[in-house]
């Protein structure tokens, strides 16, 4: 009988420790998308922030070929632009050509009388930006001299020849008349005249060609005047010649007049090049030209311009990304990544966004997971997902708009005497690149910080929206989950997700279940404290009883206590 009573009491105690059945409660967790391996990006506060997705902003590779669309790309082949302009015999195919971009090859060479251009870079740039070699011959009158001088160093076919756009004037019989020729510009566009002066290798050659011991060439307009004297002397032999020609150029504005005065050594113009204002350019490159479409061209080849930055080459043509030093800059296009924990306990408990993200979400960035009497489930929240996507969409385009300037960066050249200018130019360019590289990194960090903040904010908005619906019917578990204190089947869970949940319907049931569960939790929670207090009181009582027994025994003489000193 005693055994039966003890067994009944034990069963009753065990039953009292069992909480209310899970059929009468449910758990609802809120979370966000996560991936197993995220991408590290820079923000204002952290250089290594992991996000679910990011887009590379720096174009670091080229196609390896120059695309001939949408621009007219002219392959210079074996000719430089200046040789083609002067009319070098092996460059005759380029006469009257037009281009958006003239491509000079490293294999280009001159094959006529050796020459130099004192202001080579400026002339090359002017002709390149004009985008045409359109030439108009004019009827210059050269009296008292012999025209169309030729050289064995400049052969057209099997015959001696000369630059087709220049007229080499030499003595007529035994004299060289003083020349004074004028040519007005009665048109409404600028005219580019190319002329030169011949530097013989010896005095004998000078008098043999021009009679006078020293000639002179003066070319003037209303705005400028140039007087050049020949420098007679031997130079290194080039194509059988130790003499040289120096090439000069003059631009005549509408209404202005070109005046040429000379008594020898003149390399005269045959006409003018029509100047055009445009955005044509020139580039040195050995990349092959192919049929394809890219709007940005570099010496390495064409590159896409769908990114705001590139570090392929400083020299570009077309609609190109901004050159920066960094090889990579990643723009966050997803939220902060917190990979999901693989182990969730014996019973597969679910956790909310405060603990970790959720992998495998395919129907949204944010969503719900639940456990109820019908099992477990997961669904995305389209409203918060779309709100985040709308703010992130267009972010890349906005960055491109801020940085992708529609212009071409031409290469800059300087002669040796302009070395200090070249050093200054290089310093300025390097400083600009440093500044843009810093600005690019700061801009991306700002955008990344904004992206992470706004995605975190959408998660918090969803959590607050859910909490306001549930009110006292559920309790915040502190990990992004709610403990719902009433029976909540899948239809009930769906009403919470879509915002149609009516907490009044479940309020009484929730309050009743909450009271029962809390009382059990309270009893279970204070059990350890009660045990410790009981143990302490028991020990105290045992000590008191033991002390009393000792005192009683001493009084009766049953115990003797001897103290020796």
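Just so it is clear, glycine is given a Cβ too, placed from its N, Cα and C backbone atoms.
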Q) If you check Swiss-Prot, which stretch out of 509-529, 530-550 is marked transmembrane segment? A) 530-550
**Q.** Of 91, 112, 554, i.e. the recorded positions, those within 10 Å of residue 67 (disulfide bond) when Cα atoms are compared
**A.** none
Q: From the recorded positions 112, 154, 554, pick the residue whose C-alpha lies nearest to the C-alpha of residue 296 (disulfide bond).
A: 112
Q. Which of 112, 296, 320, 488, 554 has the fewest nearby Cβ atoms, counting only those within 10 Å, among these recorded positions?
A. 554
Q.
Given a separation of at least six residues and a C-beta threshold under 8 Å, show me what packs close to residue 79 (disulfide bond) in the same chain.
A. 88, 90, 91, 94, 108
(Q) Let me make sure I understand the structure: which of the disulfide-bonded residues listed (67, 91, 154, 292, 492) has the fewest other Cβ atoms within 10 A of its Cβ? (A) 292
Q: Would you identify the secondary structure of residue 112 (disulfide bond) according to DSSP, in three states?
A: coil
(Q) In the three-state scheme derived from DSSP, which category covers residue 79 (disulfide bond)? (A) coil
**Q.** residue 488 (disulfide bond) and residue 554 (S-palmitoyl cysteine), Cα-Cα, nearest whole angstrom
**A.** 72
